[in-house]
Amino acid sequence: MKHFKTFTGVLLAASALMSVSAGAVELNIVHGAIGKDNEVLRKELDRYEEMTGNTVNIVSMPESTTDQFGQYKLWLSAKSPDIDVYRIDVIGAPQLASHFVDLTEATADIIDQFVPAAVESQTVDGKLVALPMFLGAPALYYRSDLLEKYDQPVPETWEQMTETAQIIMDGERAEGNDDMWGFVFQGAPYEGLTCDGQEWIYSYGGGRIVELDGSIAINNPEAAEALNMAKSWVGTIAPQGVLNYMEEDARGVFQSGNAVFMRNWNYAYALADGEDSPVKGKFDVTTLPVGGEGDSSAATLGGWHLAVSKYSPNPDEAIELVKFLNNFENQKERAIETSRPPTVTAVYDDPEVAEAQPFIPRWKPVVLNALPRPSAATKRKYNEVSSEFWTAVHDTLSGDGTAEQNLAKLEAKLKRLRGNGW
Amino acid sequence: MAEPVEKSTLSQQRVMSAWVFLAPMLAVLAVVAVYPLVKTIYFGFTDASIDFPGQAQWVGFRNYLEYLDYGGGEGEYYGLLADPDWWRAVWNTLRFTFFSVLFETIFGMIIALVLNTQFFGRSLVRAAVLIPWAIPTIVSAKMWAWMMHDQFGILNDMLMKLHIISEPVAWTADPDTAMLAVLIVDIWKTTPFMALLILAGLQMVPKDMYEAAKLDGIHPVRVFRKVTLPLIMPAVLVAIVFRALDALRVFDIVYVLTPNNANTATMSVFARENLFDFDRFAYGSAASTLLFLIIALLTIGFIRATRMNLGGDR
């Protein structure tokens, strides 16, 4: 009898061990790292690993979302089982909808906690293709110390910003700071320029690249005025090299103390306010300027969301991981450490977040009213629409044709691209 | 009478064994080269999308050229052959190929001539010259992208300190200098390759020819033109064909140094963009097919033309 007991004991222990090893799976999550993203994600994954016994590897990607999208598309169309969870740009997931697991059922119990606009942006024909992870909305970063020194108000229109930037830049250069610039933004020909460009045009009352109903009215005087304003910055208050800047290039210039104004996403706040930052405590943020009186400020809706690949060998664990990474605690931590605006509404009203990142609660209305890119209207042709748009804007900025010419060309190209319908 | 029969059996056996030895290589070639090529050409005649390549429908030449009649005398041409972006990419590629090969040949020749003379530490210099060629293109392109950065780049810093330029130049961003930047990096990288091929040609030239010329007191420039150049010409032409083939399908340098920039986008960049970024897999396949045709035609044309010249020189 005693022997029997020992025997069953050993058996039980062995089967327990086996079930653990059979249950522990290895997952791969892929995303492009900007700022502190990787660091914070790793921390959250460590907690997940401890909790579940599963392991998760981070597969890192280049910074440019345009580059990432191409790679994701290759993996997915090859039905690659290597990646379980994709962290993908707000405009990306809807274009790849057929490759992702429908999360509607798995998230039915929690989806009400999320910002409705974010959920809507990831819903394609009733299917939730990605669970919103964090939102993005850009801000105008400004050097509050310099504005004070030169007795200038926080600008409300683009024109005011231009003048202020010129005054401070000239003043600082006269004092010997030759590297000082007035304004840096994302001017490289890629998705980021589409965001900047549509903000300028919308804030001048020039409408959207493609209207919500799919019509094309981009070739208008307000849009041309906006682009002409932007063109006037290059080589004067903005360095010529801004034509090849992405997010991190702009942040590099601003954070090293060499720019008065910067247009950038929220992530830059936590970094520019970090302990090792030369501009810590010397800057603040405000909404992006408007074209003139009566115009409204525009901030492009950005954000990164988590989608589960249909070709994942462990879809259940992958869905659990996605839900874990987007739960209240993790969103709160991300908001505090990386200044990424959360997608769970309650985090905006959390007092600890408000204390650590006063920026976030103030950003709630901006994020909730952010301007989406025309990815819903143009569906699978969005990437091409965006590419035509950023080419028109980049050509204008670099002096290859006037704003009027490039907008007329853009209108013709978009109409041609649309054909019988998007 | 028995002899020829025996011979033919022997040669038959040889032919047989040759095929046996060649078979694995041919099979591999068919899988990795012929199959993708045929598939690409096929996709160029369909409406394939990358999400569902299995559902591709045959559409004929629509990706290349198609006239859409809107009725009432109005209409428009669609397709690659009517696409200004495509022709711009073709033009960019040809421009890049012409200038990069031209300068790489000239600089490669100069380096080869120097390395062909006897001097102390020659083997060390030979090895050192090869370094740019040894670095992977993607690495050197990224390295140069940092060196050419307008704010933090060492290139601007050096030129400013030497008072050659008064303010930083945005090498990769400015449309006037973007192609120049790409050319600089490519010439820096590939000149050693040309130098090596030309050096190989130079070492084949018999030394006594130079001694004879020296005794006759002929000017070195004349010796170079009349003796060296004709003798190394075959090697140089082979090097140029190799290099031009490479330059015509250039992708990595352009993609890393000036991404998404219409001023430098080459045919390969255009094809990739349509294949993967845009939802136009068939269109990109058609572009790849044209790229293949253009390279084939240019190479055949170049080989024919230079053969005629070689015959004339003799």
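Glycine too: its Cβ is placed from the backbone N, Cα and C atoms.
Per TrEMBL, the feature domain 'ABC transmembrane type-1' maps to B:90-304.
Non-local neighbours of the transmembrane segment (B:16-38) in the same chain are 292; each lies 6+ residues outside the stretch with a CB under 8 Å from one of its CB atoms. Taken from TrEMBL, the feature transmembrane segment covers B:16-38 (among others).
When Cβ-Cβ distances below 8 Å are used as the criterion, the transmembrane segment (B:96-115) is approached by residues 122, 125-126, 129, 179, 182-183, 186-187, 190-199, 201-202, 224, 236, 239-240, 243-244, 247-248, 250, 254, 264, 266 of the same chain, each at least six residues removed from its ends. The feature transmembrane segment is assigned by TrEMBL to B:96-115 (among others).
TrEMBL lists B:127-147 (among others) with the feature transmembrane segment. Taking Cβ pairs closer than 8 Å, the transmembrane segment (B:127-147) reaches residues 111, 115, 153-155, 172, 181, 184-185, 188-193, 195-196, 252-253, 256-257 in its own chain, all 6 or more past its ends.
Look at TrEMBL and you will find B:178-202 (among others) tagged as transmembrane segment.
Per TrEMBL, the feature transmembrane segment maps to B:223-245 (among others).
Per TrEMBL, transmembrane segment is recorded for B:281-303 (among others).
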